[in-house]
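Everything on this sheet refers to the single structure shown next.
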Amino acid sequence: MEGLLYKLRNLDAYPKVNEDFYSRTLSGGIITLASSVVMLLLFVSELRLYLHAVKETTLRVDTSRGETLRINFDVTFPALQCSIISLDAMDISGQEHLDVKHDIFKQRIDAHGNVISTRQDAVGGMKVEKPLQRHGGRLEHNETYCGSCYGAEESDEQCCNTCEDVREAYRKKGWGVSNPDLIDQCKREGFLQSIKDEEGEGCNIYGFLEVNKVAGNFHFAPGKSFQKSNVHVHDLLPFQKDSFNVSHKINKLSFGQDFPGVVNPLDGAQWVQHSSYGMYQYFIKVVPTVYTDINEHTILSNQFSVTEHFRSSESGRIQAIPGVFFFYDLSPIKVTFTEQHVSFLHFLTNVCAIVGGVFTVSGIIDSFVYHGQRAIKKKMEIGKFN
């Protein structure tokens with residue numbers, strides 16, 4: 001048994017030195033104190049990394065199909081009335097959403113940006129006691145009202161009872177409403193007068209769109225849109241205006257749900273128009289993103305980058321639809337963020353590396369300082385004897 005213990009004692013890689021042979025120095029004490037502080041700081045830093053989740057980023061090809069893309073927006077137009085702004089969305093698959101109203105909210109604002117809470121309908125409208133019927137006569141007592149569509153009817157039974165109905169019927173035909181006062185419904189509702197009463201106001205429009213996950217565009221522009229000779233145009237004639245100021249501020253624009261650390265580059269972006277007509281364009285590259293938190297809750301979202309371009313009118317002629325256009329395209333690469341904790345063994349390995357590394361380096365520095373001091377002292381003693 002004693003032989004075994006003797007062999008184990010010979011394996012000791014840390015032989016002990018009698019304390020009588022230790023030589024403690026001032027420089028050694030300073031180095032020990034400094035190395036202890038460094039060791040403590042590094043340990044605290046490593047402990048924080050261990051206690052908090054770290055984010056791992058991976059890139060892979062996006063193989064998803066048949067999904068939809070949610071576009072969240074909040075845009076303010078300080079010089080464009082709510083009554084003339086329309087929102088359209090279309091994509092390369094041919095699907096169109098014209099004059100979108102579902103999940104879209106508009107707030108009238110004054111010149112100072114304050115929200116106008118109340119709105120009077122048909123302000124200043126001409127009072128017509130008996131609306132004009134589709135057959136040409138006036139509405140009589142005990143008669144059901146059926147307004148004319150002024151040649152835009154799709155069937156003999158179709159009725160256009162409001163100004164909006166007439167404008168929608170014209171849009172489907174690809175026609176423009178040149179003078180709303182010639183339309184009985186618009187005249188009764190005071191369509192032009194209500195636009196004039198909103199002169200000097202702005203509009204805050206916000207909400208979201210649900211579109212196909214393919215390249216496309218959505219835009220804010222005055223007037224109803226329709227297709228004419230396979231060209232997307234907006235009917236600006238009813239407003240009887242010479243120019244449209246599409247100055248705007250993007251309060252928020254995002255594609256999908258927000259997730260921790262997301263940066264939307266257009267949030268807070270602002271642009272002021274100095275010409276009479278123009279189209280402001282944003283070209284957006286959307287990057288599909290998956291974020292998985294530490295509790296394995298997954299968020300399917302998107303990030304995006306953007307470039308901008310302003311297309312103005314030339315020689316006083318309208319070369320482009322006045323409005324703000326967002327053209328987006330999808331990246332084929334998907335970014336995946338995964339939150340995870342550092343394993344305890346990894347933490348223990350790093351702590352051992354910190355302690356051993358600092359201890360070794362401080363020992364080297366102490367040895368260098370100690371032997372340097374001894375060499376200098378010995379030379380000084382030799383100099384005295386000489």
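Glycine is treated like the rest: Cβ placed from N, Cα and C.
Values in this document were obtained by computation on a predicted structure and should not be read as measured data.
Copied over from TrEMBL, here are the features:
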type: DOMAIN; residues: 8-97; note: domain 'Endoplasmic reticulum vesicle transporter N-terminal'
type: TRANSMEM; residues: 21-44; note: transmembrane segment
type: DOMAIN; residues: 149-366; note: domain 'Endoplasmic reticulum vesicle transporter C-terminal'
type: TRANSMEM; residues: 344-370; note: transmembrane segment
- Item | Secondary structure composition of the domain 'Endoplasmic reticulum vesicle transporter N-terminal' (8-97) [DSSP: H/G/I, E/B, coil] | 35 helix, 27 strand, 28 coil
- Task: State the residues, same chain only, that lie 6 or more residues beyond the ends of the transmembrane segment (344-370) and have a CB under 8 A from a CB inside it; answer 'none' if no residue qualifies.
- Result: 25, 27-28, 31-32, 34-35, 38-39, 42-43, 46-47, 49-50
- Item | For the domain 'Endoplasmic reticulum vesicle transporter C-terminal' (149-366), the mean pLDDT of the predicted model | 84
